[in-house]
Amino acid sequence: MLPSQTLLHTAVFALTVLQALASDTFIAAVYEHAVILPDAADEPVSPEDALALMNKNMDVLEEAIKEAAQQGAHIIVTPEDGIYGWRFTREAIYPYLEDIPDPAVNWIPCTDPTRFARAPVQERLSCMARNNSIYVVANIGDKKPCNSSDPGCPSDGHYQYNTNVVFDSEGKLVARYHKYNLFMSEIQFNYPKEPEAITFETPFGKFGIFTCFDILFREPAVVLVSELQVDTVLFPTAWMNVLPFLTAVEFHSAWAMGMGVNFLAADTHYTNMSMTGSGIYAPDGARTYYYNMKTEDGRLLVAELDSHPRRSLASLPAVNWSSYALSVGRFSPNDHDFGGLIFHDWFTFTELTKPEGNLTVCQKDLCCHLSYKVAGKQEDEVYVLGAFDGLHVVEGQYYLQICTLLKCKSTDHSTCGQPVEMAQTKFERFSLSGTFGTNYVFPEVLYSGVQLAPGEFEVLNDGRLISKTRPTKPVITVTLFGRWYEKDHLKQDPQPPAFP
């Protein structure tokens with residue numbers, strides 16, 4: 001038989017085996033890890049001291065991986081910075097980095113640790129996966145040498161990347177992703193020259209992977225979902241919660257719903273920096289999640305997901321996010337609109353002054369419509385309808401359109417938009433919509449105590465976010481969070497509306 005025919009038969013056989021093993025569901029796990037941090041230092045520690053610190057964290061992760069495997073999990077995601085933390089200068093992080101090869105080399109570090117440069121972290125992660133027959137997703141640092149022939153080469157002669165790795169159930173390295181959208185404090189890492197769209201196939205679906213801040217940008221997040229059609233996204237993160245819209249559990253759950261994919265989010269747990277909030281999310285809502293700002297405990301989450309959620313969504317008509325809002329006029333004129341800041345963005349607000357009614361508030365091209373009925377409004381609680389249509393420019397630059405019903409921190413209008421975690425007012429019903437210019441809109445409902453509302457709301461095909469049943473808990477916010485990726489490159493200067 002010719003070599004090419006042999007390769008063809010081998011590929012066909014492999015595909016047949018994969019299809020035979022394919023499952024309609026799988027068990028996913030994420031672990032929120034309270035990272036053991038190194039002492040803050042500007043000078044590098046020895047490689048031995050760096051490995052000792054990383055082994056302490058991997059000891060904890062290994063126990064979580066074993067427990068997940070015992071519960072039947074096929075894959076586990078661990079957090080960004082979960083093996084060595086984040087207290088580093090560029091120089092200080094270097095002893096913690098390893099050279100991570102391209103997965104095309106077909107390498108199992110656990111069984112062949114000396115094939116490449118010394119890599120004890122990759123070896124141990126590989127063995128965790130192999131010994132427990134589970135896919136392991138972890139975040140580590142990659143170093144790549146360069147020289148003067150590369151005009152972008154740093155002066156110290158190497159690149160440093162914030163990197164996710166995936167080892168399959170045999171311990172083989174099957175994916176490597178370099179974070180493309182670095183958060184402003186990540187001075188220890190380099191930006192990759194080009195964005196990477198990393199996918200890999202498993203018997204339980206097609207997976208994509210990216211890291212933390214990446215979720216807010218088209219590349220790689222939208223590319224993976226909309227163009228490469230992954231079933232499940234893996235998401236190591238060190239998410240610092242920002243109420244009212246960017247709390248980890250609400251935004252990640254909303255992103256999974258808006259994009260129509262499974263989403264496995266593993267957050268670092270460090271309450272001093274408001275880091276908590278991990279979950280296993282499906283397009284129809286959260287399967288399980290964890291948010292804890294009171295203690296420094298880690299947490300393992302395990303849940304079952306559909307392997308191919310897109311199949312169940314394929315027959316459903318796409319949501320036209322502006323259809324309903326464009327079909328109605330303004331519900332009522334507002335004589336008392338006022339402005340306020342939410343996470344540095346200037347919103348236009350109008351207060352809900354009646355126990356039920358219809359309201360409209362507009363900013364630029366976005367008009368937000370709300371129909372509501374309050375079950376029992378507390379006199380010391382104020383709710384507003386708000387709209388924002390503009391470019392967010394603080395820790396990054398990205399264009400937003402947001403419609404929101406939210407509770408103010410106090411009866412003083414100047415507190416509207418400030419973080420709130422508790423409420424007492426319940427609603428009988430709500431319906432929120434907006435004249436969005438983007439198809440990328442993420443529906444959020446957050447209840448008192450930073451609790452999600454799985455099964456209690458839905459999005460209609462005409463773009464309305466409505467309560468399916470009477471909400472069971474007081475409302476913090478009901479939000480349609482729109483990302484207008486196509487306008488990011490325009491970089492308009494945000495102009496707040498004028499108020500008398």
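Even glycines carry a Cβ here, placed using N, Cα and C.
If you look up TrEMBL, you'll see Glu80 marked as active site, proton acceptor. Residues or ranges marked as active site, proton donor in TrEMBL: Lys179. The active site, nucleophile annotation in TrEMBL covers Cys212. Feature annotation from TrEMBL assigns domain 'CN hydrolase' to 31-307. Residues or ranges marked as signal peptide in TrEMBL: 1-22.
Taking the domain 'CN hydrolase' (31-307) as a whole, pLDDT averages 96 in the prediction. With respect to their backbone Cα atoms, the residue listed as 'active site, proton acceptor' and Cys212 (active site, nucleophile) stand 8 Å from each other. Here the Cα atom of Cys212 (active site, nucleophile) is found 9 Å from that of the residue listed as 'active site, proton donor'. There are 25 other CB atoms within 10 A of the CB of Cys212 (active site, nucleophile), with all protein chains counted.
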